[in-house]
Amino acid sequence: FNFFKIKYCCVSVQGWIASVRGGSFSSQGKHITSSCSLVAFNTDQAGGMVGLTSVNPASDGKWTVTQISCHADLVTDLDFSPFDDYLLATCSADETVKLWRVCDPAQDQCSDAEVTLSPADGRLELVLFHPAASELLAVASVRGLQVWDVTRDTALTGKHTPVCARFSVVFSYFILSMRQQEVRLWDSRKLSSSLTDLSLLLSVSHCLTDLSTRGTALVPKLALDVSCCEVLRLLQLTDNFIVPISYQVPRKVRMMHPGLSPLSTPSSSAAPSRSPSSTSGLSSGFLPSPSPSQSSRAIQNMLGPSSKFRHIQGAVLHRDTHITNLRGLHLTTPGECDGFCANGQRVAVPLAIAGGQIAVFELSQPGKLPDTALPTIQNSVNVADFCWDPFDTHKLVVAGDDAKIRVWQIPKGGLTETLTEPECVLRGHTEKIYSIKFHPHASGLLASSSYDLTVRLWNLGTGEEVKRLSGHQDQIFGIAWSPDGKLLATVCKDGKVRLYDPRKSTLPIQEGPGPEGHRGARVVWVCDGKYLLVSGFDSRSERQLYLFSAESLASGSVASVPADVSPSTLIPFYDPDTSVLILTGKGDTRVYTYEILPEAPYFMECSSFHSSEPHKGLCFLPKTECDVRDVEVARAIRLGKSTIEPVAFRVPRVKKEFFQDDVFPETAVWWEASLTAAAWLSGSNGQHRKISLQPKDMTPVSEAPKEVPVRKYLPSSVYLEEKTDEQKKEELLSAMVAKLGNREDPLPQASCEGVDEDEWVSEELTTHTHTPRMIHDTL
C-alpha cells in the first residue's frame, strides 16, 4: 500500500456523539474500542461501568448511549473481537477478564458475562483479541503476559515482561510505547534492538482538536465509507463527546477507488457459536454514509463549538492600585471560608493574631502599609467565616468557633481604632459554624450552616432565628441561595446535594447524588437558576466540576469536567450577565474560566489566568467597578502573601471605541435590596432593577455603521467606456510598440568606442605556441 496516495488526505470531524461522560483514568488501556457496529468506552462512573453506543446513528439521526456494569472495580482495558461485532472483552483492576455478548444500545443488555477468566496475576492492564484466531485472547498485567484459550478457560502460555502502555500482535513491524514516553519501531524477526532508521514512518496528515483526549480508537475498514474515499476513521473520546475524525483522500469523482482500498487478507472465521446471525451475510465492503439531515445536526466546526469569551484575558492592574506590606495574614482559614471578602469600597482580611482579629482596608487608599500595628476588629475567638452585607458596605458579619455570629458596623472612612464590641450577636447554633450567606434580595436575612448539621435563617433586624432546616447527615460543605431567592441549595460530605424551600418545609424538597470525594465542595446557581454547579472531588481526589439540573437532582449530574489534582477546593464565581464561571483555590496560581451553557456541551473552557505566586483567593466586585471602555467583564481583588491586588478580566475586541453591548447586557443591581426580611418570610418575592453600563458618549457596537469596502482603483471598464474606439486603437498600438521596441534602432554594442585598426599588430608566433597572438602597441 503506497502511503503517498493519502499524503494529501483531508480531515473531517462530523457527527459528534454526546452524553458519553468520559473520564480520566489511571490505567494503561485505550479507554475506547470499536467494532463495525458498536463503540465501547470507559465512563466517569465508579464501579466498573462501561459505556456503549453505536457507530452509526439511529433512523432519527441520534445516537443512543447506555451503560453496563461489567466489573466490581475500574475497567482498565476493553477490546472487540475482530470476528464478531458484538463480542466484547474487558479486563479490570478486580483481576478478572470477562467476555460480554452486547447488543444494540437501544435494547436491554445482558447482565451476565458469557465467559469469566481469572488469570490470578494481579491487577490486569491490557486485553487484546488475536487477529487470526478467534479463540485466543492476550492479557497483560504488571507481572507478565498470558495468552488464553477462551473456549477451554485455560492459559496457554505466560511470560514475564515489563508492563507496556500498549501491545499488539503483528507480522513484520510493530510500534511499542513504553513508560519512557517514546515510540520505537521494531522488526519482529530481530527483537534484540529497535530499528534506528525510521524511514518507514511517513507523516501523512494531522488534526488539531480543541478538546482533551481521553482515548482513541480506529474504526474497522469494513465500516468505512469507501465511496467517499475514506481511508481511516478515528474515534476520539473526550469528557463529554465521542468525536469521529474521518480521513478522506480528495478525488474528482466520488466513487470506489481500488487504489485507495486494496484487497485485505480475510481473517479466520469465528466459531459458529460466537457469530451472530446479523453479521453472517455481509455482502458490501462499506456502509452507507450519514444522511444530510444527520450531518446538518452535527457540529460543523472542526474544533467544536467555541465561546466568544474563549480568549478572555486576566491582568493585574498597575502597582499604584495595590495595597502592599501586609503582615501577619491568617493563611489557614477553614475550607468552607473564602479566606477574605471585599465589596466595592473595602476589603476584610483575617490576621494570624490571637482573638480572631480582622483588618479592614479601604480600596480607595492604596499604597504601602505602615510597619506599626493597625486597627482591627477583635472577635475574641477564631474566625470560621465572614462576609459583607451586600446591601450595606459598612456591615461585616463574622461567624466564630464559639457558635456565635457577630455583626460589626465599620465607620465611614474605615477603621480608625480597634473595635471590640459588635453591633449585635446571634446565638442559636450549638456547634461551630461552617459558613454564612446573605439572601440575594431581602435585606437583613442571613443563612448559616453549622457542625450541629442544621442550616438556620436569621433576621438581623430583630436578631432572632426565624427558620431551622434539617436533613443533613454529615458536614455541610457549602450553601447557596437561588438567584430569585426562593430556594436554598446545600452540598454535604455525605455525598448528597439538597434543595430546600425554607418558607414551605424544613426538610429538603429534592435530594440527589453529589461529589464522591470528601475533601470539600462548593455550590453555586448558574443559567438563571436552571442548574446547580458543584465544585468538588471525585473518588480519586481529583478536582471536578459537576452540573446538576435544579428540576431533577435525583438523576445525577448532567455534565462534569475534570480540573486537576490539588488539595484545595475550587471556589466558584459566576457572572450571570456573561454566563462566565471563574474558579480558583487557596494556594493556587491558576484561575480557571468557563462559559456555562444551558445545553450540551454545557462547559466551554476559556483561557486561564496564571499568577507568578500562589494566592489566597479572589473576591469579585460589583459590575459597576469594571472599565467597560476596555471591555472589562469582571474585576476581582486578589489576596497574595503580602499584597492586595486588583485583577481585571477583559475580552479582546478590535473596535473598542464602541460599547460592546453583546458582552454588557443590562445588569441587575444586586447591591440594592428589593424587599425586607419580614416581607420575604411572609411570602413576598423581590426582583432587582436593571441598569445599563453604557457610557453616554459611546455608541453600541450593534448600531455601529457598517464599513463598505472601498476599491483603490476603478475597474478597467470605467476607463474604456470613457474613450472612443480611435483612442482605444491608438493606446493599444502604443502599448505594443513600447513592449516590442523599435527594431531600426542601433544595437547597444554599436555605440561602444574601440581602437583603430592600425593600433593592432600581428606577430609571428614562436615555435612554442603555434598560434598567432595580438599585441597592443601602447606607444
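Just so it is clear, glycine is given a Cβ too, placed from its N, Cα and C backbone atoms.
The structure displayed is predicted, hence computed values, not measured ones.
According to TrEMBL, the protein carries these features:
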type     : residues : note
COMPBIAS : 258-296  : compositional bias 'Low complexity'
DOMAIN   : 5-61     : domain 'DUF1899'
DOMAIN   : 302-367  : domain 'DUF1899'
REGION   : 258-299  : region 'Disordered'
REPEAT   : 68-102   : repeat 'WD'
REPEAT   : 426-468  : repeat 'WD'
REPEAT   : 469-501  : repeat 'WD'
Averaging the per-residue pLDDT over the repeat 'WD' (469-501), what integer do you get? 95
Six or more residues beyond either end and a Cβ under 8 Å away: which residues meet both conditions relative to the repeat 'WD' (469-501)? 335-336, 434-435, 437, 439-442, 447, 449-451, 453-457, 507-516, 518, 520-525, 528-529, 532, 534, 536, 548, 550, 553, 569, 576, 680, 685-687
For the repeat 'WD' (68-102), residues assigned helix / strand / coil by DSSP: 0 helix, 23 strand, 12 coil
